[in-house]
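Undergrad: This is the structure I want to talk about, given as structure tokens.
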């Protein structure tokens, strides 16, 4: 029957850990790097007795009620067992003692230290000491000869020595080990051991085998090895009978041999692959205890038979029952008789083979009482004879074993995937319960410490910001083990005791009334396992697989079932995150699930029990939210993961804490995560997983790094930076979706940073001739950045790339228009707006503006032909257009206020034609295929009309604010501006236009900057890309953003261009270098229209029909 491996449990903090049994095997004694010696009644002992012996305990030995320890203060101390009372110091060294062992009688101990010395000390009289000198490096391990004649030692100098105790001389030395300068750097601690009783063999672990040296001759008759051993062996130990030898490797493998037959009897692998550093065989039972370098304790049951004989035990009653059930109703069959009659005669190895094979041939052979002469057969009479010989004494043991036929090794036994022990529930940012001084929680609000001494049991609460609440001291009368903290309350919980129910205790310090605490008892047989706080609510998960919700004032709310036992919980605002066991994990992996709920007015479940990703063979160590409300968690391998709401609520690794640790045994204890600024707040723990309460630990800040490939290259770095920025600004979309306030500048800065990175990656791909990759990068850009990419491709002479990018820009524009139309269909407010008294054109009525303008043009012609001119300057000739059926147009759009003449061609020339031609010019024949939607064109027309109205209407100038004055610098030059210059040159112009003319001229005389010229050049492009912009200030802001994206050379060229420009419009027109001939023709037509308009003003004596004919002619142009 193969050995049974029990689930390991936490024993000590990370570091070298040793284990031994007492003389009777009633106690398991362990010591570790936390300086404690613990006495376990068995592996399931939840409350082992603990004795602190120093800062670190390197080794321990137990014999005759004396417990000897080697500790970090360079001493070897003795304690009474099991009381743990100090009984003096046996010896001292100048450095740490690395190993200490008892002799067989228990009256002497041997200790080896890093100062190269080995000492043998009498336990009763420590003045009786012997010192052995000869090693040239720290001593690794020691072992007493059972007859107290020899002492074996291993050292970092690479030698194994055997000393004669009586004269303190070296009998023999073997240079078989790898040299090192210190114990911590040694590849193996080489825990050697003498064979019990006679001490005929000395076992030494060397590389991947165990060398056995014969006593006194010091020869090496044979080595023990196995094909399953792939790493260096660390330690060996003998069974009490001396027949079996167990060895542990640095990769967690435990192997057991039969020394006489050299057969490998057992192969057991550590569940997590940690190095085995402690092995101890039970004095009487077939049990081995072992420890690893992580401080864990494990047990192997049913290892081998310790009688020193080949097993001849009967088949167990359980196996008999199983076979009887199999042949139920056929008790008199030959198979049943065979099992009852011959069970005694079947050896263990034959039994294993029979049980292992399910073929019918084996059953037939067994029924015939004929095992045959195969290679695994054993004659029963010979076996009985050999067993009788073995009972004669220990000296005949080897001879009787050799008389047995040679048995070949059994084939490896595979147990299948091993289930992983379930992780126990825990509170995030808390330290283990067994510590007398521990943190119950450390978060962004404050700290809760728990002190559980023999004299005092109390809880201290400290707030980082004392304006929230002052520090609080509480008596821990109910033995609270769980605690959490928020800006509103302190929440504590305890498990049930003998007669006390499990309690939930809340101190609501933010309450405005005088009652500031409440308490709730759980039902019988229901214990609280995890708690958390949110905004206005508290939650508790219990052993009954229930989650109970409470208001912060103590009102019970919803109660719902959990799909499995809870592991941990966290709350933030209205969000509640629960991690629980979905099932049983295998091969060291945990099987966890996660639920994310929103507990606001509209309750919602975001994650429906999805599997929680963990690193292989790891467990959950921290669960919480970032300060901005994004769920995060950390596993035992140091991987920090964050919920990516932008990718279907998946989990993305954002940091590996282990990369920041300097030492192998160092860790970081996470206390909080921030997305803005991007900080991982944690406490460094030197040589342990948890920080001490005193002195107060300092918080360190780690940076985030996504695990992208080739981050040493420029491409990999920019890719990591881009997705890093995208991931860590997803919370802004979540805040906006849920109606929270946030700074718009943060999002704008993030978008700008992302677009700059995309442009850099596109430029890099362009240089590397990766044009297809350029298009892929452009697909991630915004509409404005795509236009910049098109310009870059054109200047780089990548014409095919520019064409592909143009097609992509057209697709993006079509998608944007489609999205806008869908939004308009879903939220159509036109009927609601038109039902009221206001007929102001809004963004919801934009598609109707074009038809309204066309209707107004038709009415203009009708009015100008039918009605005679009236010289009443206050009369509006478009009054018929403002009927109840048609909404009014923007004031000042199509009439002159100085003479009262109707200007029928203003809408056509100034609104429609320049808008189309300007856009066609800016695209430089690249975006010719893009069609403008009616919404964009009408928005542009409305914007240009708004810009012209201050010039056309003769209003008295008012004092301007600084913002308005600055905005006037960036006004686009329009035909109306040219008109005012003509009025200035003509002294016969009407005096009513003088204020506007003076104001416009004073603004035009100011020196222009490069940005102003660039904005005039690209104004139409900005308006076409952003149809929703209606304010001049917004146009300037958008222009400034685009101007900053330009390279330094381009900005400098615009500045030089502005310095060399003259004030005249003719020179300005020449410097702009218009390319398209259609624009020139349009400008000529505009000049002709202006001359005709001036002519109509001068000839006031002309009759009305002539003016009407002139107006009709100009309209047709």
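Cβ coordinates are placed from backbone N, Cα and C, and glycine is handled just like the others.
Remember, it's a predicted structure, so these values are computed and weren't measured experimentally.
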Undergrad: For the record in Swiss-Prot, which of the ranges 1054-1074, 1075-1095, 1096-1116 is the region 'Disordered' one?
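TA: From Swiss-Prot, the annotated region 'Disordered' range turns out to be 1054-1074.
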Undergrad: Pick from 429, 821, 845: which one does Swiss-Prot list as phosphoserine?
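TA: Going through 429, 821, 845 one by one, Swiss-Prot annotates 821 as phosphoserine.
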Undergrad: Which of the listed positions, 711, 819, 1009, does Swiss-Prot note as phosphothreonine?
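TA: Of 711, 819, 1009, Swiss-Prot lists 819 as: phosphothreonine.
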Undergrad: Scan 309, 314, 664, 962 for the residue that Swiss-Prot records as N6-acetyllysine.
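TA: Per Swiss-Prot, the residue annotated as N6-acetyllysine is 664.
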Undergrad: Looking at Swiss-Prot, which of 219, 377, 880 is flagged as phosphoserine?
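TA: When Swiss-Prot is consulted, phosphoserine appears for 377.
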Undergrad: Restricting to the chain of residue 664 (N6-acetyllysine) and a gap of 6 or more, list residues whose Cβ falls under 8 Å of its Cβ, or answer none.
TA: none
Undergrad: Who are the long-range neighbours of the repeat 'WD 2' (52-91) in its own chain, taking Cβ under 8 Å and residues 6 or more past its ends?
TA: 15-16, 18, 20-23, 27, 29-37, 39, 97-102, 106, 109, 111, 113, 119, 121, 123, 126, 129
Undergrad: Taking the repeat 'WD 7' (271-310) as the reference, which of 11-50, 134-173, 184-223 gives the largest number of Cβ pairs under 8 angstroms?
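TA: Between the stretches 11-50, 134-173, 184-223, 11-50 has the largest tally.
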Undergrad: DSSP secondary structure for residue 819 (phosphothreonine), reduced to helix/strand/coil, please.
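TA: Its secondary structure by DSSP: helix.
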Undergrad: By Cβ distance under 8 Å, which residues at least 6 away from the ends of the repeat 'WD 1' (11-50) in the same chain are close to it?
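TA: Beyond its ends, the repeat 'WD 1' (11-50) has Cβ neighbours at 56-64, 67, 69, 71-72, 79, 81-82, 84, 189, 277-285, 289-299, 434, 665, 667, 687-690.
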Undergrad: What residues elsewhere in the chain lie close to the repeat 'WD 4' (134-173), defined as a C-beta under 8 angstroms and at least 6 residues from its ends?
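TA: Beyond its ends, the repeat 'WD 4' (134-173) has Cβ neighbours at 95, 98-105, 108, 110-118, 120, 179-183, 185-186, 189-199, 202, 204, 215, 218.
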Undergrad: Report the DSSP secondary-structure composition of the repeat 'WD 5' (184-223) as helix, strand and coil residue counts.
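TA: So the repeat 'WD 5' (184-223) is made up of 0 helix, 17 strand, 23 coil.
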Undergrad: Let's see if you can do this one: DSSP helix, strand and coil counts over the repeat 'WD 3' (93-131), in that order.
TA: 0 helix, 20 strand, 19 coil
